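Undergrad: Before I ask anything, here is the structure I am working with.
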Amino acid sequence: MKSFYSLIAVFAAVLLSESNVASLNFKERQRNRAVKRLSEAIKNTELKDATKSKIESGKRLNRLERREIKTVERNVYLAKRAQGQDEVSNTAEAAALRAYKLRSKKRKGLLRKREASIAEVLFPGVAPEQYMPGERVFIYADLVDSRKTPIPYEYYDLPTCEMPEETDFGKKRRERRNLGSRLQGHFLKVAPFTNIRVKSNIGCTPLCTVNFDSKKMRWMRRLVERQYRVQLTLDQLPVLMRSKEYNYAVRGYPLGFQAPPSFKALKSGEFYLFNHLKFVITYHEDPSSFTGVRVTGFDVHPMSVNHELPNDGSAVSEQSKLNTCSGGAVDNDPENYVPLRMKGPTALPVTYSYEVEWAESDLQWADRWDVYLVGAPDDDLHYFSIVNSLMIVLFLTGAISTIMVRTLRKDIAVYNEMDSLDDSAEETGWKLVHGDVFRPPTTAPMMLSVLTGTGCQLGLAFCIAMMAAMAKFLNPVKKGHTLTAMIVLYVLCGSVAGYVSSRIYKFTDGKAWKLNVIATAVGLPGSMVCLFTVLNVFLSFAGAATAVSFLTIICLFLLWVCVSAPLVFIGAYFGLKAEKIECPVKTNQIARVVPPLPCYAEPKFTFIMGGLLPFGSVCIELAFIMSALWLHQIYYVMGFLLAVLLILTATCAQVSVVLTYLQLCAENHRWWWWSFWNCGSAGIYLFAYAIWFLGSRLEMVGFLPVIVYLTYMGMMSICFGMYCGAVGFLSSFWFVRTIYGAVKVD
């Protein structure tokens, strides 16, 4: 018997090894076929003579010729990439590759697309700035942030040189702060590199010497470990670190680095500080088109250099001459790096320095933003998101059509025929609860009206903001513009919340209408302000740049008290003055007992399934939004976001109608709250997605960063759930009034 089992084990091992070999051979053959297809495609990089002649003569191309051009462009791109050509440098070849890769982004228009530059798409109406040779230019320091934590710091919170005085001319060129930028912590301050002049190269120039004590040393080591990066701007262009060898470009430069084990010249695991910056500013000059020069690139190459201090013991300034920094180039010698460790009880002196190189380039000013979008998701993914959402909407539309056209019409015809033939016939189905379907909810009708009104306010504010972004009234790429617009529009839409809330509360025969109005004006803003204030206290203790000042909190409070609340009162006044919504049927004095429900009509089941489809309609676009919020990617396609919002609204309405119909057919007349929670549960799915995103995409370290992330995502999930719930309740309310108004009831 043992020999039999041994034979089976050997046989299984042989089969397993053969299957592994077969799978390896299959993967190898698949890889070889892909390489062969690529090599064959690269060979076809020329257009046919007939196509060339039609292009030269300006004749209209047919569909096959346009496809041929696309194929050749793709093959040329693949051939250049196979030859090792990068996409991030400022050469003409790299610019051509970027133009091909970003071809779908370089289009404007809703129905009829036209070619445009990335600068026109991101910053419509912004004119280029010309600088004269020898003119002084300023570099501005923004946040010091990291992908591993949502807690940024200001540049001058670091142990660095003191902030120089900014001239009036520099203040005019600096971007002004708005409410959104203040809440996000963005505050451009002039960087200590103050002697930069157009087309004037600067060799190694010392700035200052900062003594790192043990406290500063520990803090800088923690910042380097958490991969914090410094964000600088010049001519509204973020600083870039790019590499032609590795074909990557990333905004900002790191504060330092940790020596990897593979690098034998440095101590493994040791932290080193970047204290020398080499700026490369590329410019375009065309005397026939404009005067002066236009900045087309802003790069930085950080280095670690252990500068020698002056022999006379004088303070280091830009006029100092050091042996390691005397106006020439700086050697990147690993033996001369600055380690972040104390050398005895005394503080470690660190000297900061910089150098500037101006390089002329053929890159046009309109194309200078192309490199910032290389590697960003293609717009085709947004189209796939829209198609995915439309499929859900079409499926639900089919279900709604079946209910409304076939089932409901048949039910209404049967009920009306029964009433005309035999008054003693027993009622069945959803008509059986006609005497209880409009009975106001016994549990917190005021809260239901407040949540519905606030959800309408949120949805309208978001919709108007997206329409304003599409009409170019606000620019989502500029810091704080979108957040400012959302806050202002939410405040101005307070009358909508007051009107909807008061109409619903009046329909439920509520008597405490004053308390209802106050709850509508205070509910969501008050809870959000409380959460934000508590979080702001912890951020202030941590020294984060996002810790807002007391003046900003006062401004938010005044917006709430002086603008939002009065508008809510005005809307509530008109809502209470309006006629009460009429019921198509009378309500019985004694409530009907709800019978045992089938599984598909159970509130727990509808609660779980109801929010799944609304969340599924936005989940793909949500991935882009989360990447923009927490991974510092650029998001500017507000047209797609508005389309997703409309699809979300249609999905919530249709899901709510279907689930309410199933509950009424099961003789459950308590549909009020469940019509809200069936779609409002999408907020729970959003928060669950945020937790998954935290564990899979983010690498946050520390307790406070996780708390900040979960708090902000909790706020967004609450607002998302309130909007979905409001749409679901109002849709079900319209549906119930429609179907019961179509039947004859004594």
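Note that Cβ sites are derived from N, Cα and C of the backbone, with glycine treated the same way.
In case it helps, TrEMBL gives these features for our protein:
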| type | residues | note |
| --- | --- | --- |
| SIGNAL | 1-23 | signal peptide |
| TRANSMEM | 383-405 | transmembrane segment |
| TRANSMEM | 448-471 | transmembrane segment |
| TRANSMEM | 483-505 | transmembrane segment |
| TRANSMEM | 517-541 | transmembrane segment |
| TRANSMEM | 547-576 | transmembrane segment |
| TRANSMEM | 605-628 | transmembrane segment |
| TRANSMEM | 634-659 | transmembrane segment |
| TRANSMEM | 671-694 | transmembrane segment |
| TRANSMEM | 706-736 | transmembrane segment |
Undergrad: Which sequence-distant residues neighbour the transmembrane segment (517-541)? Criterion: at least 6 residues beyond either end, Cβ under 8 Å.
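TA: Beyond its ends, the transmembrane segment (517-541) has Cβ neighbours at 151, 446-447, 449-451, 453-454, 458, 494, 497-498, 501-502, 547-548, 553, 556-557, 560, 564-565, 568-569, 572, 704, 707-708, 711, 714-715, 718-719, 722.
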Undergrad: Do we see three or more Cβ pairs under 8 Å linking the transmembrane segment (634-659) and the transmembrane segment (706-736), pairs being at least 6 apart in sequence?
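TA: As far as Cβ distances go (cut-off 8 Å, pairs 6 or more apart), the transmembrane segment (634-659) and the transmembrane segment (706-736) touch.
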Undergrad: Considering only the recorded stretches 448-471, 483-505, 605-628, state which has the highest number of Cβ pairs under 8 Å to the transmembrane segment (383-405).
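TA: If we count Cβ pairs closer than 8 Å to the transmembrane segment (383-405), 605-628 scores highest.
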